[in-house]
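According to TrEMBL, the protein has these features:
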- 12-28: transmembrane segment (TRANSMEM)
- 40-60: transmembrane segment (TRANSMEM)
- 66-83: transmembrane segment (TRANSMEM)
- 90-113: transmembrane segment (TRANSMEM)
- 119-140: transmembrane segment (TRANSMEM)
- 161-182: transmembrane segment (TRANSMEM)
- 212-231: transmembrane segment (TRANSMEM)
- 265-285: transmembrane segment (TRANSMEM)
- 291-308: transmembrane segment (TRANSMEM)
Amino acid sequence: MDFAKIRKSNSFSVSIIIVFMVVVMCFFKRNYLSADNISALLKVLAVTTLVGVSQMISIASGGMNVSIGSVGAMAAILSGLLMQNLKVPVLLSILIGIGIGVLCGIINGLLIYRNGGVGVASFLTTLATNSVFIGIIYMITTGHGVSKIPDAFVAIGSSKIGPVPTSVLIVGVLITLVYFMFTYTSLGRQILAFGANPKAAELYGISRFKTILSVNIIASILAAIAGMLVVMRVGTAQPDIGSDWMLQSFAAPLIGGTRQAGGKVVVFGVILGALVLTIIENALVHLGVDVYWTELINGVVIIVIMAFDRLRSIKN
């Protein structure tokens, strides 16, 4: 094992930051590593990680997706309404929620392809669809949440398998599948090739249409699941679910080592990036600091990470 290479890696640096933050918090709060707080951290971490992986897939293809939060909210609200008003079984509601993610992904993919493909086109397109999705949510709910969520649905978020929350295991399986896709499948390699150089990728026979569509469908499925995991954790489906995901979705993969220009991902690095964000948010709560500082800190973190990423790209 090349320890010199490990010390120079982004993951090692982020791990040191995480350890430092935990030590500092233990100094201020002696019970910071209590079982209850760790369990709460893990449940939030699961959603933040999934949101980050969703954005990572878009970034890997050279694109950006700012509609992840609204897709998660669409899936959460509509599946919640089906269970509350129509008494649709839990499993079927979950599948429908995932189906909503697929539909949103198809809409995003088709529009992004028609509008130019990647980069600014993907940002502007998903900015527009984000507004559309949010508008639909508020038209359906008139701004009211869904409170009568079946116990069986909420139990998925509150249950544990051994000491590990079920939601963490679900996200762990999904992340492993994404890692497998990028490491061992032609689709993953095509996404990375397209993100690194779209024109060269097309010359080698990689379909721009299929790649963009696949990326957006997969990203939206993960966002939809993240939205439903939030409902499982808190017990209600509110129309503002995902409203704070945009910064998180970019910060987690960029902190974890994903290249902002596309073409490179560090799947498990997203977990470290998400853990940094989760600890920051949790620490502010424990220290009694206004939670709105989280947005400011996340924004500063993204600016710093983007600057370092740019310098690293120039150096390479």
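Glycine is treated like the rest: Cβ placed from N, Cα and C.
Predicted, not measured: the structure shown is a model, and the values here were computed from it.
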Stretch winning on C-beta pairs under 8 A with the transmembrane segment (119-140) (pool: 12-28, 40-60, 66-83, 212-231, 291-308) is 66-83
For the transmembrane segment (66-83) and the transmembrane segment (212-231), check the count of CB pairs under 8 Å (sequence separation 6 or more) and say whether it reaches 3 or more.
yes
The transmembrane segment (212-231) vs the transmembrane segment (291-308): three or more C-beta pairs under 8 Å (separation of 6 or more)?
no
Sequence-remote partners of the transmembrane segment (12-28) [C-beta within less than 8 Å, at least six residues beyond its ends]:
6, 255-257, 269, 272-273, 275-276, 279-280, 283, 286-287
Could you check whether the transmembrane segment (40-60) and the transmembrane segment (291-308) come into contact, where contact means at least 3 Cβ pairs under 8 Å with the two residues of each pair 6 or more apart in sequence?
no
